[in-house]
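What Swiss-Prot lists as region 'Disordered' is 1-34, 207-255. Per Swiss-Prot, domain 'Myb-like' is recorded for 38-104, and the stated evidence type is sequence analysis. The feature motif 'Nuclear localization signal' is assigned by Swiss-Prot to 84-91. Residues annotated as motif 'EAR 1' in Swiss-Prot: 161-165. The annotation phosphothreonine is assigned in Swiss-Prot to Thr189. The annotation motif 'EAR 2' is assigned in Swiss-Prot to 280-284 on the grounds of a curator's inference.
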Amino acid sequence: MALEQLGLGVSAVDGGENSSAPSNDGGDDGVKTARLPRWTRQEILVLIQGKRVAENRVRRGRAAGMALGSGQMEPKWASVSSYCKRHGVNRGPVQCRKRWSNLAGDYKKIKEWESQIKEETESYWVMRNDVRREKKLPGFFDKEVYDIVDGGVIPPAVPVLSLGLAPASDEGLLSDLDRRESPEKLNSTPVAKSVTDVIDKEKQEACVADQGRVKEKQPEAANVEGGSTSQEERKRKRTSFGEKEEEEEEGETKKMQNQLIEILERNGQLLAAQLEVQNLNLKLDREQRKDHGDSLVAVLNKLADAVAKIADKM
């Protein structure tokens, strides 16, 4: 179902997006905070898209975390809020979560009602607002938003590397070099009993030190090269990860645009059908009124004729 695909199973949150913040109880001024602005259709569409992107990131992060043991990930609603702000919707994580909760609850009610109706005349989209409220349905719900939520498709999660990988630090390499050189420093002080012994030992130590430095340079160079290679690989992986995210966002945006075009076309057809039905109803109403008027005139004429006949007899 579309409801399961979009992950609408969220806990209910008291209050909608238009509910004002709690007053300053116990304060001296008693001033209430400003009322939050209403969500526009475009903001809701960005919210839906941001939730899809955030859920994709969560799935990819979990897969990468199981494989590589990455660090903590950004909370889902904080990620949704960041996506919204990048696309011009300045809403916080709490606002996004509350608006989605209300949107999910209203969608479930409408979806359940539409699945139970037997005729198109009982559809939620044909009802007046007062009739909707009598049937405990949302007073208003945007048709385009409903169609996107109902027919939305989330792309499959692709396991990728997490951004939690940290590059190898230069301090670690330097500390390894210091540890390797420390034995030489400890053994570099010769103990001589005579000038000849000192000279011989210095020559021997110089030869040994040269050989040791040659041997040590080889693994050190290998370690440095290996560290730089791993850093480059991680940088390339992070770069490819960012490019994949951008491509996915572009693909989602194009998909949303195509869905909007299809929805607008369907809404136009539905509106044309509704106008045709209304015109037909008005035409039938006019014909009925005309028939009633003609019948009333005929009855009045007969009554006048009867009164005239009675007057003539008198």
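Backbone N, Cα and C atoms are what each Cβ position is placed from, and that goes for glycine too.
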Which residue counts does DSSP give the domain 'Myb-like' (38-104) for helix, strand and coil?
51 helix, 0 strand, 16 coil
Over the motif 'EAR 2' (280-284), what does the predicted model average in pLDDT?
91
